């Protein structure tokens, strides 16, 4: 692993190759005259060029001195990168010459490339100091690894032989071969021996293991060593041994005490500290790339911990090919008109200033998810000829205290520098929540500080004109009141789910990108009638799913059948035909869905049925019935009562025709309970409760009515649901045979449409005087629109009481 890191680090740049394979005259890397600071890149390379060549030759001489052969080295260092490092051959250049021979293909040359090459050389010369420091940073770890390897070899092949004191006394001291002794660090006695006894006789010459190390300033060679317990006992034993063999005290073996520093032991002692420092340095470098500062799309690279206070701003690219314009946004014409006024003011401010008008400081885009708030902001960026800065509300929040306000200041500072400009803050509720909620400190303090800084920047002493702030959220109810006041967000632009005309326009935009077998208008009219309550994101998902289904079935074009399957996929979930269901359960599901279909068919105010199926979908639905509701802004008591009866049709069919009830009606009962509680406690339909309204609040622990009133509401809801279920059971018993026929058809076909129900049940006894969404789905609605415009009489618009348009009703089992 060390060799791999070593080879990859040394082969990182072309400049390091010369450093590795340098030699000759330039290998004098320790020349003091060359340790001056380099003036340019060439000087820097020449200064470090011969360093590893010197190490390579030193290693080769070391191997030769130890008697190592090339085969031993190749077996020891089988790593190809290490062999390439110690090779004297220059490696191949990393360019296209390795793939295309020079004679067969030549790279094109032109003046532009030569100019860029000259420019790059100039930049290299200008940044010679940085390159020089980078070279040494890259070489630091490999040099340390080489030093560790060399020290391991030198330690592993120790020349000296360890002996005991008795062997020293009998073989060396008595033979007169001891020249002198060095005691290192009061622990090890190093014995330096002569080649012949002191009496110059060569009869008993002791041969040591290999060549010894010559002593400095004395005779003898260092060949043996032994450990001593203490200095006093060693001196006593040595003196007694010399007296025993009759050595004169003047001829005693000289003993020298030396203090030596073993560098690798010191390195091991400081290894934990060095490891901690290296970890801190590595963490600091990682933080430079991962914390704060400008980054991401449109930001600057190389952000560091010291730039953490800078906002992560995304600037709109004026030259982008995928720009979005206002013509690409549909279904929200009123909101689009409001936003376009900001763009027109920034482009032509004099027109408004002459009239004495001031541009609003900001606009808050409010609406359910998927309605196109961010898409409208992208269109603003594409249409406006002024700088557009976008950021997410969560980008202001960080683990460090004070980062949020600093990023707010940095954001507005950059916006003022390029004024007139537009700032878009997506999901502003991340920092704009009302202050003081819960009374807790901690993370709320940092968020409130960020909010306070945003309030000051939008409308404070240092506020300057020319900066417009747009923000998007789907939770305007939790925003701080100071943020919503005029002077900061002057306008609140509500973007609701599109109506049938808006869905038609949105479908036409997305259908233009799909290969169809008819014109886009043919599908857009029918699909708009089929998808009430769908937002723009849902419509885009339906179109994409239809294209995917067509590709899955190897279709040349996308047809209406593919769109039907896509809508079923979006509403009901993934189709699961392979789910194991028993015959009894399948029969129960069929009668349950048949009860829904028959009950809705014979109820005047029930929504027309589109289709019913017993194919399992999603995670829990064993079947469902799909209706095409009309987008009524107002609902009457009779309409809600009929819808309650229709929802209870499945449970009534199980009881009447099968004779037992199942858990399949759990979702139906949940809808009925919620609907009935709304009629009694919210809409004021109950005579017992009176004209009171208790809408559901977030605080469920306290209720705005007494326990007695709550008991009355519960009793009234139970009574209303009982009446609805009794009426539904009577209806199912009256049409028992037809319910059974439809159930058997479902078991046979699995999917029934309205035409199949008409054959069994006949025409629906109730016909609406107005065009329904189902009629628009069958034949389009352009002609009916023209007729209604001729006969229409202007009336005062009725104010909506907060009743949302009805979505497609899916009744899972």
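These residue numbers are counts, starting from 1, taken along the chain as shown.
Placed from the backbone N, Cα and C atoms, the Cβ positions cover glycine too.
Annotation source Swiss-Prot lists transit peptide at 1-86, citing sequence analysis.
Here Swiss-Prot flags 93-129 (among others) as region 'Disordered'.
The Cβ of residue 374 (ATP binding site) has 15 other Cβ atoms within 10 Å, all protein chains considered. Feature annotation from Swiss-Prot assigns ATP binding site to 367, 368, 369, 370, 371, 372, 373, 374; the stated evidence is sequence analysis.
As annotated by Swiss-Prot, active site applies to 593. Cβ-based neighbour count (10 Å, all protein chains) for residue 593 (active site) stands at 28.
What Swiss-Prot records for 764-813 (among others) is region 'Disordered'.
Annotation note: residue 368 (ATP binding site) sits in a coil segment as assigned by DSSP. Excluding 367, 368, 369, 370, 371, 372, 373, 374 themselves, the residues of that chain whose CB lies within 8 A of the CB mean position for the ATP site are, in sequence, 375, 472, 474, 495, 535, 536, 537.
In the structure as shown, the Cβ atom of residue 372 (ATP binding site) sits within 10 Å of 27 other Cβ atoms. Around the Cβ of residue 370 (ATP binding site), the number of neighbouring Cβ atoms within 10 Å comes to 18. In the three-state DSSP assignment, the secondary structure recorded for residue 374 (ATP binding site) is helix. Across the fold, the C-alpha of residue 368 (ATP binding site) and the C-alpha of residue 593 (active site) stand 31 Å from each other. Ranked by CA distance from residue 593 (active site), the binding-site residues 369, 373, 374 have 369 at the top as the closest.
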